[in-house]
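*Asks:* The structure follows.
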Amino acid sequence: VDHGDVKVVAVNDPFIEPHYAAYMLKYDSQHGQFKGTIEVKGSDLVVNGQTVKFYTEKDPANIPWKDTGAYYIVESTGVFTTTEKAKAHLKGGAKKVVISAPSADAAMFVMGVNEKEYKSDIEIISNASCTTNCLAPLAKVMHDNFTIIEGLMTTIHSYTATQKTVDGPSSKDWRGGRTAAQNIIPSSTGAAKAVGKVIPSLNGKLTGMSMRVPTSNVSVVDLTCRLEKSVTYDQIKETMKKASEGELKGMTRKWNDIWIAANHSRHHGLLGGCACVHRFEWRQPLM
C-alpha cells in the first residue's frame, strides 16, 4: 500500500472471509489502525479505492492468478516452502513466487548480500527469514572487511503465533508449549545456517541460538565472531557506518540515538554497538 511501484491485485486466504479480512487489515494490535480506506464489495476488498480480488482456495494451484494479472506471488503461509510446493502457484498463471521463509531447496536471496546473483529465469525464490535478513548483511560487512573465522549468533526474538498464550501441549518442543508472555524460552534457529547459503564462504562457520522473549514485535541479533584481522572498536564502527550509508543504504541504518525496540523501524537491521576483545593465548608450562 505504501509503495507506489507495487500494486496488490489479489489475496488468497482459505481460513477467513472478506469482511473478516477487512477487519483484520483495519485494526492491528501491534501497528494500530489502518490510515486508509477499506471496504468490501461483493467478495472482494477495496483498499484506498483499489479493488483487490479475494480468494479462499486451500490448494495454490486453484487460485486464478492469471485472471487478476498477478505476476509476482508472495507465498507467506509457511506451508508451501519447497520449490515443488510453491510451483503450484504457477499453474494458476503466476510467473514468479517469493517464499517469505527459509526453503530447503529454493534459491535464497537477501537484499544487500547476494541479490545481484539473481537470474531472470529463476521462478521460485526464498527471501529467507527475518533473522537472516538482519544477520546476513552484518556478517557480510564483517567478513568482507575483516574475514570471519568463526562466529556465534544469538537472537533475542519476540514471540510468534506458534507459541502459547497459556501453558499447553507441544510434543515436539516442550519449552515452546510454555506461556509466551511470561517466559524467556530457549529455541532453535536456522538463521546462522542460512547465512551459509547466501554467503558460501561463511558456510559452516556460523552457529546460532534463539531466545524467545515476552515482546510482541522487534528482535535483536547479537553476533560474536573471531576475526582473521586484528581490529579496533572504532574501525568496526566506521566500517559499519560506511556500509549503512553505501551498499546497505535503506536496508540497514547505524543509530546513534538511545534506541529501543518499541521505537520501530522498517530497516532490516539497526546497527547499534559492538565490543572488541584482543586475542590472547594461555599456555600451561610443562613440568
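Cβ coordinates are placed from backbone N, Cα and C, and glycine is handled just like the others.
Quick paste from TrEMBL:
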type	residues	note
DOMAIN	1-130	domain 'Glyceraldehyde 3-phosphate dehydrogenase NAD(P) binding'
BINDING	Asp13, Ser100	NAD(+) binding site
BINDING	Ser129, Cys130, Thr131, Thr160, Thr189, Gly190, Arg212	D-glyceraldehyde 3-phosphate binding site
ACT_SITE	Cys130	active site, nucleophile
SITE	His157	site 'Activates thiol group during catalysis'
*Asks:* Using the centroid of the Cβ atoms of Ser129, Cys130, Thr131, Thr160, Thr189, Gly190, Arg212 as reference, list every other same-chain residue with Cβ within 8 Å of it (recorded D-glyceraldehyde 3-phosphate site), in sequence order.
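*Replies:* Sorted by sequence, the hits are Thr155, His157, Ala191, Ser210, Ser219.
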*Asks:* What whole-number Å value do you get for the CA-CA distance of Arg212 (D-glyceraldehyde 3-phosphate binding site) and His157 (site 'Activates thiol group during catalysis')?
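*Replies:* About 5 Å separate the Cα atoms of these two residues.
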*Asks:* Could you check which of the recorded positions (Asp13, Ser100, His157) sits closest to Thr189 (D-glyceraldehyde 3-phosphate binding site), going Cα to Cα?
*Replies:* His157
*Asks:* Find, for the listed binding-site residues Ser100, Ser129, the residue with the lowest Cβ contact count at a 10 Å cut-off, counting only other Cβ atoms.
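*Replies:* Counting other Cβ atoms within 10 Å of each of the binding-site residues Ser100, Ser129, the minimum falls on Ser100.
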*Asks:* Rounded to a whole angstrom, what is the C-alpha distance between His157 (site 'Activates thiol group during catalysis') and Thr131 (D-glyceraldehyde 3-phosphate binding site)?
*Replies:* 9
*Asks:* Out of His157, Arg212, give me whichever of these recorded positions has the highest number of other Cβ atoms within 10 Å.
*Replies:* Arg212
*Asks:* Excluding near sequence neighbours, so keeping only residues 6 or more apart in the same chain, what lies with its CB under 8 A of Gly190 (D-glyceraldehyde 3-phosphate binding site)?
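*Replies:* Once residues fewer than 6 apart are set aside, Gly190 (D-glyceraldehyde 3-phosphate binding site) is near Pro102, Ser129, Thr132.
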*Asks:* Out of Cys130, Thr131, Thr160, point to the one nearest Asp13 (NAD(+) binding site) in space (Cα versus Cα); all of them are binding-site residues in the record.
*Replies:* Thr160
*Asks:* D-glyceraldehyde 3-phosphate site residues Ser129, Cys130, Thr131, Thr160, Thr189, Gly190, Arg212: biggest Cα-Cα distance, Å?
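*Replies:* So the maximum pairwise Cα distance among the D-glyceraldehyde 3-phosphate binders is 16 Å.
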*Asks:* Under DSSP, is Gly190 (D-glyceraldehyde 3-phosphate binding site) helix, strand or coil?
*Replies:* coil
*Asks:* For Thr160 (D-glyceraldehyde 3-phosphate binding site) and Ser100 (NAD(+) binding site), what Cα-Cα distance in Å is obtained after rounding to a whole number?
*Replies:* 15
*Asks:* Do me a favour and check the Cα-Cα span between Thr131 (D-glyceraldehyde 3-phosphate binding site) and Ser100 (NAD(+) binding site); whole Å is fine.
*Replies:* 12
*Asks:* Using DSSP, what's the helix, strand and coil tally for the domain 'Glyceraldehyde 3-phosphate dehydrogenase NAD(P) binding' (1-130)?
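*Replies:* Secondary-structure breakdown of the domain 'Glyceraldehyde 3-phosphate dehydrogenase NAD(P) binding' (1-130): 28 helix, 34 strand, 68 coil.
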*Asks:* At a 10 Å cut-off from the C-beta of Thr131 (D-glyceraldehyde 3-phosphate binding site), count the other C-beta atoms across all protein chains.
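*Replies:* For Thr131 (D-glyceraldehyde 3-phosphate binding site), the 10 Å Cβ neighbour count is 24.
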